[in-house]
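Undergrad: Here it is, the structure in full.
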Amino acid sequence: MTRAGGRTRPSSSHSTTLRPEKHRYFTRSRLKRAVIFNDQDGRINLTSDEEHRHKTELLKPLDRGKALKVTHVNVQKEENGLRHHTFDYQVDNLVVRRGWPFTMSFDFDRDVDVNNDRITLQLAYGSRPQFTKGTLLRLDVHLKNKSKPSLGSNKFAANVYKVSGRHLSLTATTPPDAFVGPYALFLETRRRGDKSSKRRQKLKTGEVYILFNTWCEDDVVYVKDEEERREYVMNEHGRIWRGSALSNEGTPWYYGQFDRPVLEAAIFLMDSADVKYSARRGPIAFVRTLSAMTNSNDDDGVLVGRWTKTYPKGCTLPTDWTGSVKILNQFMSENKPVEFGQCWVFAGVITSLLRALGIPTRCVTNFSSAHDRDSSMTIDNHFDENNQPIKWMNDSVWNYHVWNESYFKRPDLPEGYDGWQAHDATPQEVSEGVMRCGPAPVKAVKLGHVYLNYDVPFVFSEVNGDKVMWKYYQNNIPNYTFLCYMYLFIKKNCLKKKVSEDGDMEVVDIDTHAVGKYISTKAVGSNLRHDLTLEYKYPDGSKEEADVLKLVHQYSSRADNDIYNKPNEDVEFRIAMTPPIVGFGEKIMIEIHALNKSKVKCKIKGRVTLTSCYYTGVLDKDIKSLPFYETMLPKSEHSFRFDVSPHEYLNKLNLDACLMVNAIFNVEGTKQNFARSFSFSLLKPNLIIKVPKDIKVKEETSGSVQFTNSVGINLTSATIHLEGPCISSTREISKPIKPGESVKIHFKICPRRTGYCEINAKLTSDQLTDIDGSASFQIFKS
């Protein structure tokens, strides 16, 4: 199957269909559809890519007369790779970074005559190279003038630094805003005064990949700090934070941006999306396009997202993946989207693709992440008159959500928004008709500048939305149709505090600090967590936060309504887990503390409910629910305990092993209500990976992975997945792993290069998934 200007992947039975144009950058697809359907004849030029190349004389080989003939080319892949920080790319082609010179040498069939020979180095970019479009570049080589190229030159140039007999060495310089991607190389030679002598040869070295350059001050992706460059462009290993605000840890992930076929996949996706070549100078087009193409919702992109209770037998669960390379290998070889992924998998793949292109990128996790579907800037939860949560009506607050940040300048915006830009490949909401998000300047999110490109309002609501608790009273029409009507009426018309005069639904409490917690990324130079919360929002309760919320409220779908009038609070409530972190199979203990601050006696009525849920915040099975009643004396305190034993919850968990607590309390005789909900993840055991201390490059070494079942239930159909720069393997455990039992598998590695290395492992089973471990080590010369 041939797509995107001749780039190919192996064919398969997977069919593709032409879709309506949606993507702002997918502009050349219109031309291709016009050729197929012949609906643009007479209005635009319908010349195909192949015909264009065939008609372009400068792309045709020539072999006339006594002009120099190239007999050997050396693109000095190792030397250029070391200078350009591209030595580790596992591709046959030369890979360099723009804004910096690279060297090449040529041998000819005779001695070079500096007085009479003329040489031109030609670079052709894209499937339709054209001189007037800047995609066909001709660099004259002045054989008599030897000069040193300058870093960050603003134009393409070729300079001679050595001519000796039949040998020529030259330096090619690229500007810091050069088109990013592969360039075909040609060398044209001719004799002075002899029009009959001319040769043009397409060099057999393959295409030269020119990438973004975070080391070049004039490149829009320039990062000043060397340690950050190493972390966000060069580091192949990472941690993606997952869990909940109460209990979380960094999941190991192998980005493998230098491995095959990551770089090839990034270019293939851009070509498949038909992004105009004129847009490929800057990172915005790459970020927006790859965010769309990494999910499969609008195109035959890399990953199929799935968040269902069950999965097809024999598929790869989202929790099975340990890195990006396996996913991209499968995508490129099978020519169809890979099943299945969830947010952290999408973010891991995007990090790999953008780092491969040279764009500084990292994964970012937002705990208690809101999903605002109606631009109300609020997250709505609903309870019935018995204080039970109404599951189907609630907005979702994900335990965590993972997106990406990339570092670059924003010349498309007013000054002040350069730096980290948030973007998201997880298919949640459309942006300009396509499932993608960003890039949104993180500074704009913090300042509440929700009117800026791209998708700042959505990112703002993920980290800053208020959780509004609504209570429904069955006074008149307690049927399902009425509930549906009331819910839609609230969301679309954004009523004030009550839905009707009868008080059928009203706001009982608002939690202004419920979302956007512990925003996390991997620290530079270590596997520790680095907190980004204050990069996205001002401190809770600060004047700056209040000013931002006031500004943003003007753009909310509830801009004309006030739901924030609260009665005086005579009773103060607090809710907490003791201890805050609970291991899989351990007892869950929740305590609600009430303080009567008034001078009168009061009666308290409430309910606490525990429900299993998915990490997306969607409720699953009810586990336990208890009512509470208490009469409190003036100026007194009381604690309510809610305990859940392992046998009460173990058989009601899903594979995410997430739980949600909903608590609602009413003070009789006043209008005071207290409502809170929070979710948490059960802590799972780890895998133990062991490798020898002394590991030599290109020598086979053995290691092992061990797991001890400490979760109190049998684990069946267990599988261990391994991934790293020197291994990619899956091992099945044939027998059930009983409680207290240990299993061990052995593996072999043969590292291909020296330096830091890490192996990631993950165990999945029918009952429990996402048990992981990692081992890091140094590889030494033999």
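Note that Cβ sites are derived from N, Cα and C of the backbone, with glycine treated the same way.
So TrEMBL lists these for the protein:
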- 1-23: region 'Disordered' (REGION)
- 9-18: compositional bias 'Polar residues' (COMPBIAS)
- 335-427: domain 'Transglutaminase-like' (DOMAIN)
- CYS343: active site (ACT_SITE)
- HIS401: active site (ACT_SITE)
- ASP424: active site (ACT_SITE)
Undergrad: So what pLDDT does the domain 'Transglutaminase-like' (335-427) average out to?
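TA: Across the domain 'Transglutaminase-like' (335-427), the average pLDDT comes out at 90.
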Undergrad: Once near-sequence residues are set aside, which residues in the chain of CYS343 (active site), 6 or more away, have Cβ atoms under 8 Å from its Cβ?
TA: TRP398, TYR400, HIS401, VAL402, TRP403, THR426
Undergrad: I'd like to know which of the active-site residues HIS401, ASP424 has the most other Cβ atoms within 10 Å of its Cβ.
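TA: Counting every other Cβ within 10 Å of each candidate, the maximum falls on ASP424.
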Undergrad: Tally the residues of the domain 'Transglutaminase-like' (335-427) by DSSP class, grouping H, G and I as helix, E and B as strand, and everything else as coil.
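TA: Taking the domain 'Transglutaminase-like' (335-427) as a whole: 18 helix, 41 strand, 34 coil.
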